[in-house]
Every structure is written in C-alpha cells, then in structure tokens.
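As structure tokens, the structure follows; a few thoughts come after it.
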Amino acid sequence: MLLSRRTLLLAPPAAGLAARTAAAAGPMKVGFVYVSPIGDAGWSFQHELGRRAVDAALGSAVKTVYVENVEEGADAERVIRKLASDGNELIFATSFGYMNPTLKVAQQFPKIRFEHATGYKRAANVATYSARFYEGRYVAGMIAARMSKTGIMGDVAAFPIPEVVQGINAFTLGARSVNPKAQVKVVWTSSWFDPGKERAAADVLIAQGADVITHHTDSTAIAQVGEEKGVFTVAYNSDMAKYGPKTCLTAVTHVWGDYYVGRVKAAMAGTWTSGDTWGGFKDGMVKLAPYNAAVPDAVRQEAAAKIAQIADGSLKPFQGPIMDQSGKPKVAAGAAMSDKEIAEMKWFVEGVQGKI
Amino acid sequence: MRLSLEPRTSPWPLMSALAPLLAVALATLGAGILFALMGRDPLAALHALFLSPLDSVNGLAELALKATPLLLCAIGIAIGVRANVWNIGAEGQFIIGAICGGGVALYFGPDGGWWLLPLMLLAGVAGGMAWAAVAAFLRTRFNAHEILVTLMLSYTAVQVLGWLVHGPWQDPEGFNFPQTPLFEPGALLPVLIEGTRVNLGAVFALLSVPLGSLLLGRMMVGFRIRVVGLAPGAARYAGFSEAGTVWFCLLLSGGLAGLAGICEVAGPIGQLLPVISPGYGFAAIIVAFLGRLHPVGILFAALLMALLYLGGEGLQISQQLPLAVTGVIQGMLLFFLLGADVFIGYRVRIVPRTPRHA
C-alpha cells in the first residue's frame, strides 16, 4: 500500500466503513462510470468486461449499473454523486480525469467506498488501482521486433502522459532487447478516440518504413489499417483479432474482472480498505491476447519465457542500463527504476523517434 | 396523385409559438414507444428521463449548472445570427476565456484578495472577445468568412489549452498528468445553495436573458442588428455600418462565451484540464435555433437540453438503457421541431395525377 503524507492529509478523519448491516440487505449495488461509449473494444469496454465478470461471479448478490460516455470535466462529479445518492455502495470511477470529482463526492459520502482507476490521490474511502500495462508492452515490443524486417516500428499514441510514455519506452526496450538497432517512431493524435486521425497516423508511419504498428488509443482503426495494407499490428486495450485476422499479431489487454470481483467481495465482507493496487502479469491484470497464426513457435516460446520472468520479478522492463534519446545514461546497469520514477516518467529511451 | 408543399400566404403565429411544445409532445410519445419496444415500462422510463432529475434541490441545481454555459453561449450566437453574423466557434472562445481567467487564478495563487474573482471574470470575458476579434478583423478587413474562421479557431484553442496543461502550467505535484494545480478557494465562484454546485455563473446566465431581449427589442444597436440581418441593402442606405455590426456581434458573443468558460473552470471544475467542455459551444448553436433565436426561447431550450443530459444519465442508472437511446430521443426532438416548421411555413396540397406527357 502506497500512502504518502500528501494523500493521507486528504483523508477524512473518521470514516465508518463497517461490514454491510442488516439495513443494507438485498443485493449490493455497485456503480461503474465509463469515459467513453462501451462499443466492442477499447479502454471502457475492458472495464465493462470487468463489470460483467462481477455479475457472473456474484449473481443475485449484486446489482451493477454503469453510466457510459461521461466527460472528465464538470459532468463526472454529478454522475458519481448520483450513483452515490442512488444507493450504490461501491463505485468504480474508471478514468484518470475522475480523480478530483471522485474525492469531492467521497468526502460527502464517507460510508460509500470509491475506487479510482489510474489516479494518485486516495482517502479512507477512496482506493486507487491500475495495471502495469508497460509489462505487456515490453513483451509486445519484443514480438514486434522479431516480426519486423525493417527494424522500424510505429506507435500511434494519444497523449504524452506517463502511462503512455511508459508504454512507448517499454515497447522500445523490449524491441531492442532482441534487435539493438530497432527504432520506434511515435505519432501523437491528441485524442483517445479518433479513428480518422489514428488511420492517418498509421499511414504516415507506414510511409516512413514502419512494418509493425502498435498504438495506445481506444479505437480499432490501427488493426483495420494493418489488415487493409498487409502490415503487422499489435493492438492495445482489447483483443482485436477479428479486425485483423491476418495481421494483428496480438494485443496488450487489460483484465479487470478478478480485481473487481475481489473488491466487491471485500466490500460485502466488510474487509474493504483503501490503498493502491498496481498489478501486472503476476496478478493477471495484464495479458497478451492469443497470438496470430503468423507468429512462429520460437517467438511464442520466447514471449512465454519473458512473461514468466516478468511475473516472478526476475526481469524488470525498466532495468538498467537505460539511455535517453540523446544517449545519456538515465538508469545505471544493475539498477532498476522505482515505482515512483516509473509513475512520473516523462522522457523517451534511446531508440524512440518522437518528441514529448 | 402526388403531394406538393406550397408556401402559406398568411402567417400562422399561434402555431409558430406552439411548435416547440408540439415537438416536445411528439418526441415524448416517440420516446415512450421506443422504451416499450426495448422492454421497459414507458412511464417509468419517461419519469426517469424527464422528471426524476428535477425531484430534488440538488437536481434543480445541477440542471441550472448544466444550462449555464449553454445559455450564455447561445444568447451570443443568436444575437449574431439575427445580424447574419455566424459565430460557429463559441467553443474556442469558451476555452480561451477559461484559459485567461484560469491563468489569473494560477498567477496569483493564494495571494489573491476580494479583487481576484472579478479580475478572473474580466480576463475570461476579454479572452473570449479577443479570440472572436480575430474573426471580426479577418471578416471586415479581408472578407474571410467568420463561419470558417471561428470554427477553425476552436481547434486552435483546444491545442493552446493542451499545450498549457501539458507544459508550462502543469501541476508540478501532479505526476506529470496534464492538469494545472487546483484553484485556491478564493478563486472559485461562490455557491448559491449550500450543498449543491450551482454558482454565481447561473446568475450571469439568467441576467443575459433580459439583457439580450432588451438589446434586441429596445435599443438602437439591436435595431441595427436586425436591419443588417434582414435587409443589408436598406441598412447600407440608412448608413448602418456593416463592419461595426460584425465587430459588435462577434465581440458580444465572444465575451459571453468567454464568461461561460471562466464560470465553468472557476465553478464545478476548479482547475484547467485538457478537456473542459463537452462541446457546449457547439451544442449552444442547436440551443439558439431551438429557442427561435429569441432570448426567452433560448432559456427554455437550454433548460431542455440540460434536462436531456441529466435524464440520459438517469435512464442509464435506473433503467439500464444505453446512452445511445438519449441520442435517439434528442434526434427525434429536433426532427419534429424542424418538421413542425415545415408545416407552419408551408401547406400540403394534394395534386391530382396528370399524364406525364401532357
């Protein structure tokens, strides 16, 4: 549990988070807030799969509801408050921009438990959770480099926030672990969901010689472009094999179901506590989607071995020596970046072509 | 036999006023049928959509909060359209207003006094005006059409905001997430009803209705606006300056949009983020036309749009209906309103079949 002094100060002095009382008999109500329409792939879709997993695991003991496409500005607070005043006892706010609204509402509802995805501010009744997506991206980069002929890969990314930068860096480090000359070119779209822009960015990258394209955006555009042009892709968020049956090599997927089921059960039992969860391969929160038939056995075995090493801690994606883009050493050989350094990452490693 | 639409020779003022109500009634009926088809109790779903958002003080406060930016932006847009000046870029002026006012809040930090909020509001208005002034200048000097310029400047404004929150104004303690520090309490608009989020901005929005009516109906400048819009030739003959009207309308609507922007960030949001508006500036164009370009009509239109936003959330929570259903109902509402307009302006005549080669 990571609780810094600053976040502790935010905690209300006494919050009564007891087990559910007889007054709260009947199914436990659990609310989910999504930043985008659910659709059939992407960030919010993965959270929706998590919600469905809760329904499947706990059946009539829970009643889950969701609100989709909630903007991160002023709207979020209203929706979260509405869910709280509507009797939901545990509320998952699944986008970074919900951080301050969640904390504001949580102060007014000390008996309700809140969970905020990817944030860093906590309170006695606000926990945070995220996944080490970069672990998946490291192995994805390795597979991409094995499949690339030019050694040039493209990455279509939304915004230069640490989570995205971690992913690009890990992908590049993974690629360079099997091809030290690999280059990863980055194009920003300044939008989480904009199929048109993502498509245009992929075209630019392909024209520049990239022969494997990955992305950190929400649409299925990249997998579709790859399929049309016969260029390999590595998808993000969700398994997109059906959009790229011949070319989508795999996907770095987010798996929230087990976490959500565990937290709901804890809330029911009265054992729920605030804190921070940052799970990876080990916890099953990050997985690679089933490989495309084009991925040879040797590469599959290599990937499986890397995943096992990352899960048992013997391989850390951000293990030194790591240079930055100018070749200046950032992490010494034998050292590894701390969680805090990773969480704040705002620089590119050697081999990334692009600017933050 | 075929149907033909013929313009009505005499106006139909009663129906013109009733058309929005008729459209709402038809959309409600359509929504009820839609709910029934989706296996929900139509009355319960209609209750969730239209009534349950209004059944508490907090609900009413949220409605006012949501309607505030729509109302401020739409009044400015409508006054412009009356003069044939089309400010499509209220979204951009909203964002620049938020940046300028928010910049004042961040610059003074905890050192502000009583003067901080007024200064922020002025900066917000000035920012919105300045952004619109670019379009006014290009229109009056180079005849570049304001529809294109204001629209394009909206995208520029988004980029400026993105650059600031990713760069120079980023919260140093924010783990490199794109956001500024939270504004100090002294830089936030006072809340009108304790325990809700409705703030002083709603008062500004409400004031804009009588002021807008007064301007259009009773003042010389309003008369000029209407003449320039309806009869540009007559306006020139009367010596009314077209350039002056363009400047006036764009500065006014830009200023109102800027005010809406600073009220949003100094109100419910409390900091600058990469996205501060879910498209209020664009939705306000619909609001302006739904309200028949008249300030009082716009007040009701803004409240209705806000209600549909809130009701859409209610439908998801209490009826587990996806958000797309709300989009369909919004679409039905606009469809029926436009349809009613057709029947007010035209009448249907049945033309007997005539031989094709007569």
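Cβ coordinates come from backbone N, Cα and C, glycine included.
What TrEMBL says about a protein is an automatic prediction, not a curated fact.
Residues of the same chain lying 6 or more positions beyond the ends of the transmembrane segment (B:12-39) and with a Cβ under 8 Å from any Cβ of it are 45-46, 49-50, 290, 292, 297, 300-301, 304, 319, 321, 325, 328-329, 332-333, 336-337, 339-341, 343-344. The transmembrane segment annotation in TrEMBL covers B:12-39 (among others).
Here the transmembrane segment (B:59-81) has long-range neighbours at 52-53, 87, 90, 94, 192-193, 196-199, 201-202, 204-206, 208-209, 212, 215-216, 225, 229, 249-250, 252-257, 259-261, 263-264, 267-268, 277, 280-281, 283-285, 287-288, 291, 293-295, 298-299, 301-303, 305-307, 309-310, meaning same-chain residues at least 6 beyond its ends whose C-beta is under 8 angstroms from one of its own. TrEMBL lists B:59-81 (among others) with the feature transmembrane segment.
According to TrEMBL, the transmembrane segment annotation covers B:88-108 (among others).
The transmembrane segment annotation in TrEMBL covers B:114-138 (among others).
TrEMBL lists B:147-165 (among others) with the feature transmembrane segment.
Sequence-remote contacts of a segment are chain residues at least 6 beyond its ends whose Cβ falls under 8 Å from one of its Cβ atoms, and for the transmembrane segment (B:198-216) they are 61-62, 64-65, 67-69, 71-72, 75, 78-79, 82, 188-192, 222, 225-226, 256, 259-260, 263-264, 266-268, 294-296, 298-299, 302. Look at TrEMBL and you will find B:198-216 (among others) tagged as transmembrane segment.
Proximity of distant same-chain residues to the transmembrane segment (B:237-260), defined by a Cβ-Cβ separation under 8 Å and at least 6 residues beyond the stretch ends, is recorded for 68-69, 72-73, 75-77, 79-80, 83, 85, 87, 90-91, 93-94, 96-98, 100-101, 121, 124-133, 135-136, 139-140, 146, 150, 201, 204-205, 208, 221, 224-225, 227-228, 280-281. The transmembrane segment annotation in TrEMBL covers B:237-260 (among others).
What TrEMBL records for B:272-291 (among others) is transmembrane segment.
According to TrEMBL, the transmembrane segment annotation covers B:298-317 (among others). Residues of the same chain lying 6 or more positions beyond the ends of the transmembrane segment (B:298-317) and with a Cβ under 8 Å from any Cβ of it are 20, 24, 45, 48-50, 52-54, 59, 62-64, 66-67, 70-71, 74-75, 78, 205-206, 209, 212, 283-284, 286-288, 290-291, 323, 325-326, 329-330, 333.
Residues annotated as transmembrane segment in TrEMBL: B:323-346 (among others).
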Which bits of the chain, at least 6 residues beyond where the transmembrane segment (B:272-291) starts or stops, bring a Cβ under 8 A of a Cβ in it?
20, 69-71, 73-75, 77-78, 81, 88-95, 98-99, 102, 106, 154, 161-162, 164-166, 169, 178-180, 257, 260-261, 264-265, 297-302, 304-305, 334, 337
Let me spell it out: take the transmembrane segment (B:147-165), skip the flanking residues so only those 6+ beyond its ends count, and list any with a Cβ under 8 Å from a Cβ in it.
86-93, 95-96, 98-99, 131-132, 134-135, 138-139, 178-180, 250, 272-274, 276, 281
